[in-house]
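Record features (TrEMBL):
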TRANSMEM  24-46  transmembrane segment
TRANSMEM  209-228  transmembrane segment
TRANSMEM  234-258  transmembrane segment
TRANSMEM  285-306  transmembrane segment
TRANSMEM  312-332  transmembrane segment
TRANSMEM  339-362  transmembrane segment
TRANSMEM  382-413  transmembrane segment
TRANSMEM  535-556  transmembrane segment
TRANSMEM  562-584  transmembrane segment
REGION    631-652  region 'Disordered'
COMPBIAS  631-644  compositional bias 'Basic and acidic residues'
Amino acid sequence: MGCCGSRESKRDWKPLEDRSCTDIPWLIIFILFCIGMGCICGYPIATGAASRLISGYDSYGNTCGHNNTKIEGVPLSGRDMTEKKYVFFLEPCNLDLINRRIKSIALCVSKCPATELLTYNDLKKFALNNGSHLCSYDITPTRYTSHSERYTKCPKLPVSQSKAIPLLHRCIPVDIGCYAEFAQGFITFVSDNTVLRRVIAGVMASKEIIMGLCLLALVLSLIMMVVIRYISKVLVWILTVLVIIGSIGGTGVLWWLYADHRIALENNTTSAFGKEVASDNVKALLVYAIGATIFTVVLLLVMFFLRKRVALTISLFHVAGKVFIHLPLLVLQPFWTFICLMLFWVYWIAVLLFLGTAGTPIKNNSTGAVEYHMQGPLQYLVWYHAVGLIWISEFILAFQQMTIAGAVVTYYFTRNKSQMPVTPILSSMARTIRYHLGTLAKGSFIITLVKIPRLILTYIHSQLKGKENACARCMLKACVCCLWCLEKCLAYLNQNAYTATAINSTNFCTSARDAFLILVENALRVAAINTVGDFVLFMGKVLIVSCTAFAGVLALNYQRDYTVWVLPLLIVCLFAFLVAHCFLSVFENVVDVLFLCFAVDTKYNDGSPGRQYYMDKALMEFVENSKKMGWHKPDDGDGREMKSMVRGGTVA
C-alpha cells in the first residue's frame with residue numbers, strides 16, 4: 001500500500017481504452033473509516049444524546065418533551081416532561097465565553113413568554129394561565145412573589161419576550177441586544193466598545209449594499225468565465241492592462257477619497273457621533289490607500305519581470321477556452337463540490353453536537369447542574385471525528401480534481417472531437433467511481449497526514465500566545481510554515497498524480513512518480529507556462545475583487561455620515577475573492593491538466609508519420625516557438641503511436 005512498495009514496472013505514457021481498479025486496499029481502508037464515522041453518528045442516536053440535543057434538556061438532566069428516568073443524587077430529575085417541550089433559560093444573556101455556553105439554569109416549559117414580564121406577579125399569572133412554570137420546579141407558582149429564593153431560582157426581571165427556535169425547541173429572546181457582550185468578547189481586537197457598536201451599525205445600515213455587491217461579484221465571476229471561454233487569446237493582455245489600470249486607478253481613487261474625507265472632517269460641524277464616524281472613515285481610507293499603494297507597486301514589479309513569459313501562456317489558455325466550449329459542465333463543478341462539502345459539514349457539525357450531549361450524566365458540585373461527559377475510550381471519538389472532517393473533505397476535493405482531469409484528458413487525447421462522449425464530465429465521474437476511488441482515498445490521506453500536525457501546532461501557538469519565549473515562538477512558526485509549504489507541494493503533486501491516473505490507469509504511487517519525472521523534465525515549461533498561468537488567473541481574481549471593491553467604495557460613499565466602511569467593505573471583498581477563486585480554480589485545474597498532457601504529447605510524439613501530435617494547432621505553434629528557443633526534443637519512444645482515448649465512440 002505504500003509508495004515504496006509499488007512494484008508496477010515502468011511503462012510509457014499511453015492513454016488506455018481498458019482501465020483497471022487502482023489502490024483497492026486504500027479504498028477498503030477508506031470504506032472502513034467511513035463505517036466508523038457512521039458508528040460514531042449512531043452512538044449518540046442510540047444512547048439518546050441526539051434526542052437531548054434536538055429536544056433540549058434542563059439543568060437537572062430531564063429531556064424536554066419526554067418521560068425521564070431518575071438520576072441518582074439529583075432530586076429534581078426523573079420528571080415527566082411530555083407536555084413541556086421547550087427549554088427556558090433563567091438568564092439567557094449570561095454567556096460563558098470561555099466554554100461557549102449559556103451560564104444559566106435551564107428549565108422545561110410548555111410555552112415561551114410571548115410578552116415581556118415585568119414583575120413576579122406577572123410570572124405567577126403566566127404560570128397559572130399557561131401551565132408554564134418559569135421558576136425552579138421546587139417552587140410552586142403561588143409562592144413566586146414571596147419565596148425567599150426567588151432571586152436565584154426565578155428568571156431575572158424583566159423577562160424579555162422570547163420565541164422558540166424551530167426544530168431545537170429553545171426559548172431565545174427576541175431582542176438580540178443582550179448578546180452584545182458575546183459579540184464584544186468574540187471580537188477581541190476591538191478595545192473601544194463604541195467602535196464595535198458603530199461598526200455593527202454600519203453593517204446593518206448597509207446590508208442591502210453588501211448583498212448587492214456580493215451578487216455583483218458572482219456576476220463578474222460568471223462574466224470572467226465567459227471571457228475565458230470565448231476570447232482566451234487576448235485574455236492575458238486584457239487582464240494585464242485592466243489590472244494595471246484598475247490597481248493604479250483604485251489607488252488614486254482611495255487617496256482622493258482620503259483627502260476629500262479629511263477636508264470634510266476638518267470642516268465638520270455635525271454632532272459628536274457624526275464626527276466619530278467621519279474620523280473612523282478617514283483612518284480606514286488611509287489604511288486602505290497605503291495598502292493599495294504597496295500592493296500596486298509590488299504587482300507592477302512582478303508584471304515587469306514576467307512580461308516576456310506571459311506570452312507563452314496564450315496558446316495554453318486558448319486551448320483551455322476550447323475545453324470549456326466542448327465541456328460546458330465544467331463551470332458547474334464548484335457548485336457540486338460546494339454542495340457536497342456543505343452537506344458533509346452540516347452532518348459533521350450535527351454529529352459533533354450530538355457527541356457534546358452524549359455520555360454519563362454527572363452532577364456539577366459547584367453549580368448543581370447535570371452535565372454529560374464521555375468517559376474511557378469513548379472520549380476519543382471526537383478525535384476520530386475530527387480526522388474524518390479533514391480526510392473526507394480532502395477526498396471530496398480530490399474527486400473534483402480527478403473528474404476534471406478525466407474529462408480534460410479524454411478531450412486532449414481524442415483526435416476526432418466528434419467522437420467525444422455526450423457528457424464527458426458524467427463519463428469521467430462514472431469512471432472515477434468505478435476505478436479510482438482508492439487512488440483518491442490514498443492521495444487525500446497523505447494531505448490529511450500533513451494537515452493534522454500543522455493544525456495542532458497552529459492551535460498550540462494560539463494557546464501559548466504571550467506565554468512562550470521568542471525562540472519557542474519562532475520555532476513554532478517555522479514548523480507551521482514548513483508544514484504549510486509541504487502541504488501545498490503535495491497537493492500540487494497529487495493533482496498531477498490524478499491526471500496521470502486518468503491517462504494511464506496506474507496506482508497513486510506510480511502515477512505520482514511518473515508525473516513528478518515529467519514535471520522535472522519540463523521544469524522550464526512548468527515555470528514559464530504553469531506558474532505564469534496561475535499568476536494570470538490570480539490577476540483575474542484581483543480584477544474581480546478590485547471591481548467589486550471599487551463599486552463598494554462608490555456605493556458606501558453616499559452613506560458617509562452614518563456608515564463605518566471597515567467591516568462592510570471587508571465582507572464584500574472577502575466574498576468576492578471566494579467566489580472568484582471557486583470559479584477560476586476550475587480553469588486553473590484545466591490549465592494544469594492540459595500542461596501535463598501537453599508534456600506527455602511532446603515527449604513521445606514529434607509530428608512525424610505514425611507519431612502525430614494530439615495537441616491543438618495553437619499548441620503546435622507553441623512547440624515550434626519552443627524549438628527555436630532551444631527546448632529539448634521529444635524522446636525516441638518505441639516507434640508506436642499513442643492510443644486515442646476514444647475509439648469508435650467508446651469511452652476510456
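Yeah, the Cβs are placed from backbone N, Cα and C, and that goes for glycine too.
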For the transmembrane segment (234-258), distant same-chain residues with Cβ under 8 A (at least six beyond the ends): 227-228, 282, 285-286, 288-289, 292-293, 295-296, 299-300, 303, 310-311, 313-314, 317, 321, 536, 539-540, 542-543, 546-547, 549-550, 553, 557
Contact call for the transmembrane segment (24-46) and the transmembrane segment (535-556): at least 3 Cβ pairs under 8 Å, seq gap 6+: no
Intrachain residues whose Cβ lies under 8 Å of the transmembrane segment (339-362), provided they are six or more past its termini: 40-41, 43-45, 47, 49-50, 52-53, 57, 61, 71, 74, 370-375, 378, 381-382, 385, 388-389, 392-393, 396-397
